[in-house]
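What follows is a short report on a single structure.
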Amino acid sequence: MALAHSLGFPRIGRDRELKKAQEAFWKGELDEAGLRAVGRDLRKTHWELQKNAGIDLLPVGDFAWYDQVLTHSLMFGVIPRRFRPQHGPATLQTLFGMARGVSDGCCGGAHAQEMTKWFDTNYHYLVPEFGADQQFQLGWEQLFEEVEEARALGHAVKPVLIGPLTYLWLGKAKGAEFDKLELLDRLLPLYGQIFQRLAAQGVEWVQIDEPILVLDLPQDWKNAFERAYNQIQREPLKKLLATYFGGLEENLGLAANLPVDGLHIDLVRAPEQYPTILDRLPAYKVLSLGLVNGRNVWRCDLEKALATLQHAHERLGERLWVAPSCSLLHSPVDLDREDQLDAELKSWLAFAVQKCQEVAVLAQAVNQPQARAVLKALEQSRAVQASRAASPRIHKPAVQARVAAITTKDSQRRSAFTQRIAKQRAGLDLPLFPTTTIGSFPQTASIRLARQSFKQGKLSVAEYTEAMHSEIRHAVLVQERLGLDVLVHGEAERNDMVEYFAEQLDGYVFTRFGWVQSYGSRCVKPALIFGDLSRPNAMTVEWIRYAQGLTDKVMKGMLTGPVTMLMWSFPREDVSREVQARQLALAIRDEVLDLEAAGIRIVQIDEAAFREGLPLRRAQWQHYLDWATEVFRLCASGVRDETQIHTHMCYSEFNDVIESIAAMDADVITIETSRSDMELLDAFKAFAYPNEIGPGVYDIHSPRVPDASEMANLLRKAAQRIPAERLWVNPDCGLKTRGWPETEAALVHMVTAARQLRKELA
């Protein structure tokens, strides 16, 4: 009998109940008992949803009040000193303090732990902080309490733990430098204690997640796996080692031979590893095949997956398990909530509940191939695949022909930067250290209300347009009064930097309830790319043209780049990411050319997610970087030399991609640098980056307003690394989340600092 199981389920709830409860608790509108009751109800519902879908072995421990890595930190006693309670054990207040920071109270004020991306997903985890003298102590009873809950409800459960090597890898050494592997022998006894307690609760199987096995691991970490699991094997319970987000590659032999009872592999991301693992797996081990995509929204091709399963079943028999490729945390919860999608498009989709049903039907197809439910599901799957293959909504010959006709010349500016910049400086006539902002201004309650009223039909097109024009007039007047050199229209009409454009492109669709957790209470609802992408009409031109008509100063057009549009959407699975990126690039190229034709002389194309697209394996980086830089140039290279192309990137590591950033050939790049004290510019100096740079002179993520002298000092440091004539002056990022008073105060100081530097260098 093939067994159906799940590696994890979304925790937020079908209607984001967890988010609402968290935020009510933080505001003091819900007490701890109320919050815990919401969590208990969600877990009960989610276990029932999975069981009713046909999952045999339910995950427990995938629920988290904020983040699963943070939950493990509390369980292991990895609580930074600034958050430790003065008396008694850690509490929910401790957990939320670690996640969000503490402004007062028991800790006397403490900044939150660092947050970063969970592998190459759009989920973020709280980075554990380790000291050289780190001690681990079992605390935080959540896992054991939830096992008890599930068993009391009659469920067969499989607790989920992050493995010891992955947990250490994800953390950061704080204070004195030391090797994190030195902590392994101190951490391993806790796993033994956990397994013993779970065994006493009647648990048979435990899932140990070690996704770092799909990374390029140093040899000492590979050696540590053998040492750790040789120790762990002595403890009770059957152990399923789970890997996902990629292929095991050179770690395949290591993973196959670790002394555990089963191995899970991701056959969505790395189907090529299947034949080898089948040959290398010891005869006593269970093999769990991740055949249903856990991080996208499209229905599985059941016949294709079943062919692999049937082959595996011939070799493995009872040792075959079926699962999603990874935790369903990265998928929306339940497609049945979607009541406004048309029937055809909805038939192509599967959210977490439906993915569990697909896993269950695949297992049943192995066990009972002639069962009526199996035959019906396979017939429906064939119909879905045929519908998608032939649908004119998906396949647009004109778009495909345009992509096929792209030439190398299309992604090259007409002249080299040195020639372009001379023409741009002559035409723009900007001072040394020109000042600008990154694009967005504060999104006030009145802006959000106007947008909502328009969507609900309460405002006419004319009324909404006038409301947005009023906001644009205000933004332009403020910038002129403050003395900024290059203005923006403020983006009042934009709800989100991806959604705004996706709503206007053919090939995108939106859901009502397709929410996924980004971190904590922050949920996002990514757009879905379902077909070939094109731009039926101009998207920003009228807003920017209106803004330019209000001022004699240079107005900057603002667009989101193709890579960011792709990375922050659910992509298609039937064509490659680079093909989708090229389609997006052509649509954006048309917009850039329309802006230029409307008299806009600077166009900014934001690529906030450029670095996020990097594959997990270094060997695959260059291919990605080649097409990612090419599609940026494709959307930017149709303009005349006199038109200046800007891009903005907001992350803190450039050294390993600096050549590719240069290859994008943007005339100006604006970046986050204020928190690094301009040290990030060392990468640009060492590489001799040739184009212009706007290093952010203040951190927009903080309400603090730095004074002009502080910003001037940062500019002096920047001028030591980059020639002054190539420096721009701007904030770190957009100002959407800030209030107007602090925005104006900070920009006054920024303009003052720029003027001070001009005097010094005159």
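Positions of Cβ are set from backbone N, Cα and C atoms, glycine also.
When the candidates K117, K423, K685 are compared with the 5-methyltetrahydropteroyltri-L-glutamate site entry in Swiss-Prot, which names R16, E17, L18, K19, R522, C523, W568, E612, the shared residue is K117. Cross-referencing E480, E491, E653 with the L-methionine binding residues that Swiss-Prot gives (I438, G439, S440, D606) picks out E491. The candidate list E630, E659, E672, E744 contains one residue that Swiss-Prot assigns to the Zn(2+) site with H648, C650, C733, namely E672.
In the three-state DSSP scheme, R16 (5-methyltetrahydropteroyltri-L-glutamate binding site) falls into the coil class. Counting neighbouring Cβ atoms within 10 Å of each of the binding-site residues (D606, E612), the lowest count belongs to E612. The DSSP secondary structure for K117 (5-methyltetrahydropteroyltri-L-glutamate binding site) is strand. Here the candidates are the binding-site residues K117, E491, C523. The one whose C-alpha lies nearest to that of C650 (Zn(2+) binding site) is K117. Here the binding-site residues are L18, C650, C733, and the one whose Cβ sees the fewest other Cβ atoms within 10 Å is C650.
Long-range Cβ neighbours of H648 (Zn(2+) binding site) (same chain, at least 6 residues apart, Cβ-Cβ under 8 Å): I438, G439, Q604, D606, E607, A608, I669, T670, I671, C733.
DSSP classifies E612 (5-methyltetrahydropteroyltri-L-glutamate binding site) as helix under the three-state reduction. The DSSP secondary structure for C523 (5-methyltetrahydropteroyltri-L-glutamate binding site) is strand.
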